[in-house]
Amino acid sequence: MAFLCQRDSYAREFTTTVVSCCPAELQTDGNGSKKEVLSGFQVVLEDTLLFPEGGGQPDDRGTINDISVLRVTRRGAQADHFTQTPLSPGSQVQVRVDWERRFDHMQQHSGQHLITAVADLLFGLKTTSWELGKLRCVIELDSPSVTAEQVAAIEQSVNQKIRDRLPVSVRELSLDDPEVEQVRGRGLPDDHAGPIRVVTIEGVDSNMCCGTHVNNLSDLQVIKILGTEKGKKNKSNLIFLAGNRVLKWMERSHGSEKALTSLLKCGAEDHVEAVKKLQNATKLLQKNNLNLLRDLAVHTAHTLRSSPAWGGVVTLHRKEGDSEFMNIIANEIGSEETLLFLTVGDEKGAGLFLLAGPTEAVETLGPRVAEVLEGKGAGKKGRFQGKATKMSRRAEVQALLQDYVSTQSAEE
């Protein structure tokens, strides 16, 4: 038996009875990539308004007696609703669906059916899978490439069918019905039982599907195909938005356009050319800056070499600079008798360091320098360099190096 959400995708609330409520746990994504386990209950209802994940469509969100439902999954012919508050079996409850989320899923899913059918009808492009993402939807097509002309033709055709206000209907067929053979589909779940649910766009397509759909293509409003990307081997991914997502995308795009107009001091039609000019100017400045930095590194190396303080341990810190700057200095000095400790970056924060000198000394001291600076590094052939998080401890490194040199001199 189909759930109420499948029989009437436009229903927003209804009353039903709790069948069971059992302790359960739910693993969520939490913050970032860290998994979080929530303790709660799996609630089974006589019928449900909340769609359980399936057919490429995410599950619904909503409430049962104002208690938030955090996940809905299908288990055979029933739906499990995860809540963090128990509900009494046998009690009547009011179920409400998060309509904004539901209607968005209806628009995207019906949009996918329409694009899949039109791509096949016009160009024989078969759909092998699809994904209803949080920001965009992806249809995987069984073709190594899709031309811009094909994309434009598909988009024009699907939007014409939306303007034609074609009805969308749902019906159920028995497994032995000969018509099942004429229906588009990618197979049924292993635990499927009962009749086959078929979604039909009048005159366009009939497709096996368990998801929630609009009852008329006019509810899709519009479909925008953003383009295609290279997919898996010999596959192409077609990226699209339907309905309210197109409006939100236009709002974001218009906001970005206004911001760029203000920053670049030119109209939207000149944005690309203005950015190209900025990129070229930046590349030239970076090239000039690099040449100046190299000249400065050579001059700094000669200054250090001719300094009265030359010998033993020589240190230098500059706020501006990079790894190449330090290596040029080390190359110019080329001394294996002196320990050279160079750093660049924030004096009290993070930065880069380089230790150069006798191979044996550098191999011994390099890891210890990284440890003092609370950083990481690696080295070979008389050099050890890396990243540091505590440049404020440079004086401790200098003391460490001087102690080492003094000890070596005493032993000699």
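Here the Cβ of each residue, glycine as well, is placed from N, Cα and C on the backbone.
Straight from Swiss-Prot, the features:
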- His109, His113, Cys209, His213: Zn(2+) binding site (BINDING)
- Ser174: phosphoserine (MOD_RES)
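All features noted in Swiss-Prot, drawn onto the structure.
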residue	record	contacts (Cβ under 8 Å, 6+ apart)
His109	Zn(2+) binding site	Gly55, Gly56, Gln57, Leu132, Cys209, Gly211, Thr212, His213
His113	Zn(2+) binding site	Val199, Ile201, Asp205, Asn207, Cys209, His213
Ser174	phosphoserine	Pro195, Ile196
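Same-chain neighbours of the Zn(2+) site beyond His109, His113, Cys209, His213, judged by a C-beta within 8 angstroms of the site's C-beta center, are, in sequence order, Gly55, Gln57, Met106, Ser110, Gln112, Val168, Val199, Asn207, Gly211, Thr212. In the three-state DSSP scheme, His113 (Zn(2+) binding site) is classed as helix. Under the three-state DSSP scheme, the residue listed as 'phosphoserine' falls in the coil class. There are 25 other Cβ atoms within 10 Å of the Cβ belonging to His213 (Zn(2+) binding site). When Cβ atoms from all protein chains are considered, those within 10 Å of Cys209 (Zn(2+) binding site) total 25, not counting its own.
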